[in-house]
Number of protein chains: 2
Amino acid sequence: MQMTSEDSIEVSKFTWPKGFYADSTHAGLKPDQDDMGWIYSETPADAAGVYTTNQFQAAPTKLTKLTINVAHQLQAVVMNSGNANSCNGEQGETDALLMQKMAADRLKIDASEVGIASTGVIGEPLPMAKIKDGISQLKLTHNVGLTKAILTTDTHPKTITVKCMVDGKEITTTGFCKGSGMIHPNMATMLGFVTTDAAIAGADLQHLLSTTVDETFNQITVDGDTSTNDMVVVMANGAAENEPLEEGTADYSTFVSAFKKVLTHLAQEIAGDGEGASKLVEVNVAGAYSHLEGQQVAKAIVGSNLVKAMIFGEDGNWGRIMQAIGQTTAHVDLNGVSVSINGLQLVKNSLGTGIDDDEVTKTLKQKKVTIDVDLNAGKATGTAWGCDLTYKYVQINASYRS
Amino acid sequence: MQMTSEDSIEVSKFTWPKGFYADSTHAGLKPDQDDMGWIYSETPADAAGVYTTNQFQAAPTKLTKLTINVAHQLQAVVMNSGNANSCNGEQGETDALLMQKMAADRLKIDASEVGIASTGVIGEPLPMAKIKDGISQLKLTHNVGLTKAILTTDTHPKTITVKCMVDGKEITTTGFCKGSGMIHPNMATMLGFVTTDAAIAGADLQHLLSTTVDETFNQITVDGDTSTNDMVVVMANGAAENEPLEEGTADYSTFVSAFKKVLTHLAQEIAGDGEGASKLVEVNVAGAYSHLEGQQVAKAIVGSNLVKAMIFGEDGNWGRIMQAIGQTTAHVDLNGVSVSINGLQLVKNSLGTGIDDDEVTKTLKQKKVTIDVDLNAGKATGTAWGCDLTYKYVQINASYRS
């Protein structure tokens, strides 16, 4: 059998793609961990972004969006955790511009080539002396410390590197992200960064990012809240020297698969590391009238506090899944719904199957819980990811600032 | 100063209105508490109802809706807790009809005059032998045990009696309800019953109920989940012998005020007794572009898990309130928002006021927390009620069935 380029897609050890550098440092925004860092490409990279839909868009998010929109190009992104620079009014906007400028000066590039990202507490002024100090310490290395420096309540860095062959060249695509609370609909409720050495035009990259985010990051939910700050930014610097990827080609499909693998992995990582989460929950909906409705129902189930608490409690109380389906406006065969958990069928034709509770409780002890639902109302599907609702979620959010 | 009829409105000790009887009993659906009961009017009463919008409407809810819709008339409502008779397919519908018929037979009235209501676990068949036994034990008394018999995870009965003078007659309006989890939008996420001895036509009563529910029960949220079962039913038997109330008259306004007092009280009681709640939260929005948007924003704030956890943690992290406002689609002056908690102003012109954290923490220790928000985008207002998110909420919902 001949190897197709799809077969060339493989997850590999974390590495920065060709031509990318990164670094992190401790600027003093957090007590004693690295809290600043940057990514830098040796040549200007094509770039794309998606951003929070929250009306109170934070200054760094807004500035990065404007910057990318000019020419879909970036050479660096500088970032900090510990302070979101959000709801800080004009001072916040000035500080964001200054942070962008300081990074550009140190890298000897134009400020219009620098994206910025901040995450942390809302409504406290960015301590610019610390930011300045942090930027002065950053170097061009291949360290992975940056993937840790952007974390807030996350319990671990979330990273992936996927390689694939395109146009006879090896393409490396690397993603990392942070996000644990304020994770919900409509994207951008976290920070995500993808770097690739593929050559692809900025506009194509934007289209690819927007559509892939709809199927990945926009289908995760931790607590139903959307942040003011967050975004996903992609940089493609072409250092792999492939012919620029064009839609409709086999090479493009290969790259799309690799890219989707990166985003899907990161989205699942965020869902599974939701604040206080003890389990990753995946909901697969079949028999939906449309893909949109499939997505809507999957997300309604994974986002229901009652379902989430039930999974934490390892209790097969399937009525709560029905209730979550029923509160959507999706087409549903009210007498034809099936529900399974980890392959055990709990509901058939909208009625309980009488399955042994102990068996369900046993399967709910697994770290990953998969809920399969058939709405029997069409042929479309949908998938969403989330986590359980635990005591620890409440604990973390009752005392975030202290 | 002459006393207007509005001045006559007063909250009084709980009592059933003239011509109403009630009772409760232990039918064995719950281990050792009363779990069944009924209300009965000595004459057929005009009746109205509002019902869950969940697509999986439970059999008793559906049957009561159909029954009321025939002629807006009921003489009795029979109810049980411990089993929701929901998601039980045709068997559930047959059982609901049978329960209705058994109560009608015992009361020697027509089944078409009997509403039924069930609440409890979803997806388990209603034990009809116990239901039959329970109905056979019910009597016509003035006991208040019914207000307790319908409870599930509630910590206490929720009741109110309001008296007013209309057409020279004393009108008594009494409400009671249950509801603690699965409390959210679009009504009917609990059971509520209002009895009054006022004379008012069924269609008018329906209109009054629907509009008042929009301002009361539809503005409370505990966990964002809507139940399959719940409803609010009103019965007006005219035993006070007033001339039937007609819209546009002073007497009608007086009755509306009294009626709204009953529903507002019950709604607040449910919010404050939300599963695991330690505090009642009231959000008042001013400066909204429209009343609808004011209601939407108030509910978004009171429904945000992050805001709810912050209140439990007594932490004045106002960025979460901004985030909750920003994730709505309401008109907002992005640089002109004010936020106060219990009268302490935390945000002015969308910026932190630098208020002392300790002062905010101190005020958040109160059992009732009032959040006032001005969107500076218009002249309309909105109000919603909810509660904090606590460890106990998770505990209750992780082990509801066990």
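Just so it is clear, glycine is given a Cβ too, placed from its N, Cα and C backbone atoms.
Here is what TrEMBL says about this protein:
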BINDING   A:THR152, A:LYS178, A:THR189, A:GLU275, A:ASN397, A:SER402  substrate binding site
ACT_SITE  A:THR189  active site, nucleophile
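By the criterion of other Cβ atoms within 10 Å of the residue's own Cβ, the least surrounded of the binding-site residues A:THR152, A:LYS178, A:GLU275 is A:THR152. DSSP gives A:GLU275 (substrate binding site) a coil state; it is part of no helix or strand. Mapped onto three states, the DSSP output places A:LYS178 (substrate binding site) in strand.
In the three-state DSSP scheme, A:THR152 (substrate binding site) falls into the coil class.
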